[in-house]
There are 2 protein chains.
Amino acid sequence: MKYPILRHSKYLAMCVVLLFSAFTSADLMVVKQRFETANFKTFNGETIKKVVVGWESYGKLNVKKDNVILVTHYFSANSHAAGKYAKEDQQPGYWDALIGPGKAIDTNKFYVISVDSLANLGVNDPNVITTGPASINPDTGKAYGLDFPVVTIRDFVEVQKLVLESLGITKLHAVIGASMGSMQAIDWAAAYPDWVPRMISVIGSAQSDAWATVLLERWAIPIRLDPNWRNGDYYTHTPPTEGLIAALMFITQDALTPKAFNQIGITKAVNHQALQTGPLHSIEGTYSIVSWLRERAETRAKLSDANHLLYLIRASQLFIAGHGETLAEGLKNIKAKSLFLPSANDLLLMPYLSHDANKQLVDLGKDSQLEELLGDSGHLNGILGISQKAQQIKDFIEH
Amino acid sequence: MKYPILRHSKYLAMCVVLLFSAFTSADLMVVKQRFETANFKTFNGETIKKVVVGWESYGKLNVKKDNVILVTHYFSANSHAAGKYAKEDQQPGYWDALIGPGKAIDTNKFYVISVDSLANLGVNDPNVITTGPASINPDTGKAYGLDFPVVTIRDFVEVQKLVLESLGITKLHAVIGASMGSMQAIDWAAAYPDWVPRMISVIGSAQSDAWATVLLERWAIPIRLDPNWRNGDYYTHTPPTEGLIAALMFITQDALTPKAFNQIGITKAVNHQALQTGPLHSIEGTYSIVSWLRERAETRAKLSDANHLLYLIRASQLFIAGHGETLAEGLKNIKAKSLFLPSANDLLLMPYLSHDANKQLVDLGKDSQLEELLGDSGHLNGILGISQKAQQIKDFIEH
């Protein structure tokens, strides 16, 4: 009792620590869960006898089950949107800055859920559970390869709906997704308007136009050229790793900007170095910027599958919100209020795509708005720079 | 004498026809010429025993030999900058809108000359004369393949200088080039400042930064992945046509814009068509926009060589104006007044590259200016849309 202030300050310090830890990602621990369904009918009319996917959730589902925010993931991601599997994980989920207790998507209020896509790119990542061309075909006991049905963004939506329904959920509070996740988000709003009162499209698109279709095709080309690809039938052979690495290099560059690349710090050395060593003297000589990109791709390739990449490309190429004959038809059904957050310097899904979608919704009399993300990271501003719109996202979700 | 007006109008009509024909490309006939030199020393210190290149000229060299405008060509072009080889040619040279009698680069005043690059992409085009990896190595009697020395933009400049000197020319009136031609133009100004009083860089760059280096590398990757490439040793085997076609598809997209692609008219059919036929039902299914791009690439591949493409990529990657340790060093030497004409929506050599070069020259106290090309064609605004700056080019050259 001699040092009440000190004693108080000790308590205060403890409270601060507790409070702080409640707000750090280290505290949001998550476990990958597993969902299984039989005889899944795909959008193109085929059947997948057994579908297994992983999913994650953050926060608690309330009694009314009306506090659900669905997060739909981007092309090379999975359902690990936030939190950590173990304290020692180097990185939390990709949108940990956005999702968590007290954050913009507040897990003290909302039950946030995300589901691994079909044909998920990271099929060889132990934290991914997916069904795709690398899965065993129950009819043959061998990997499907290209016998796996072509799947669409709509199929990803349908799998998510089955997961939600298995939890007794019949309506979302909101859906939010980045990039390929934005395709799922707007398709949700078009396909199941009564489920979706709020839709947020980050670095997104309402359909794949001719430009995007070809840009995506370019990721497929190196895989098809790799002699180890063997028309997708490589699961008992050497896989097409060189083609996969090339595709992942392309994806990384497409998602960034010249400024981001030129900040890596080896720009000025490019030509200088070339004069001293390889590139000037041999066509086989390599630039350090190319090596840097390749090393990142090599690491990612170890967890990825080439056929899965081809299936995600096709799902993205086939995308049109509502999956009907025209985009107008899909957008017409939307009841959600919409928020588009394109990145101003996005070179992959350029901002005109979001501006077009927003304008069409406004022209249809829908409640839709758009704000641009800034930063040097191009497409990746939607992941790395999402905090700049945390308040707008919070306001949009909570009102 | 009864119908003097009619008779006059007949004469007038004849004059108009004559006058008109004097201004049409059909009238500017051109013959590809041949230049040969022995023991050419490359920038990297190697020797090419025999160099043969084609060249073209338009207009007449005056007695003082001081009316020479050098046109340096872009990556997939050759010295056919203007005119036709035969009346029945479907297309004139690529800058025919700019070069000819009475045009912005007026062949009634100037002697305009252009030279096929070393390792020219169109080596299998009967109108191209070049020396590169597809040429016969005099030491072995076989095609060089990757034994051909790595060549640089500076080497292209040196070959051009030898051609000019063979004609008794010791100074240019101006040098102008688009894209890879812009690299040669500014390198001319940096390497031989006393030769170059005027330099025009169209859709250009003063050096290849990290971004451009990787973008160029992406064109090389499909060729290297094609098993028929065989490390460049394919001249007695099946050539790597699939890799070459892929590279040419990439180049075409990089040189255009979403708006250009989406105007091709098959955009809206992309997904609709997909529902009926291939892409939705088979990973092997193809989109019409992809087929359109591929068909163009197939046609171009017939005249092109995969190794030549790799050598042009490397020359472009190695580029730094002045070919010294730093860009500042190269720009410091320039005596030319400079005009930069980047394309505002260029996705290949983005306008920041020209803005940076122009700013550096202005900061060094040089006479330099910049105007942006507009239009839907991105990089290709520098070729297809060059007429919009015809007056500025004329004024720049004639003053």
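Cβ atoms here come from the backbone N, Cα and C positions, even for glycine.
The feature active site, nucleophile is assigned by TrEMBL to A:S179. Counting every protein chain shown, 28 other Cβ atoms lie within 10 Å of the Cβ of A:S179 (active site, nucleophile).
In sequence order, A:I203, A:G378, A:H379, A:N381, A:G382 constitute the residues six or more apart from A:D346 (active site) in its chain with CB-CB distances below 8 Å. Among the features that TrEMBL reports, active site is placed at A:D346 (among others).
The annotation active site is assigned in TrEMBL to A:H379 (among others).
Per TrEMBL, the feature domain 'AB hydrolase-1' maps to A:147-252.
Taken from TrEMBL, the feature signal peptide applies to A:1-26.
Secondary structure from DSSP puts A:H379 (active site) in a helix. Taken through DSSP, the domain 'AB hydrolase-1' (A:147-252) splits into 58 helix, 11 strand, 37 coil. A:D346 (active site) carries neither a helix nor a strand DSSP state and counts as coil. Cβ contacts within 10 Å of A:H379 (active site), excluding its own Cβ and spanning all protein chains shown: 25. The average pLDDT for the domain 'AB hydrolase-1' (A:147-252) in the predicted structure is 97.
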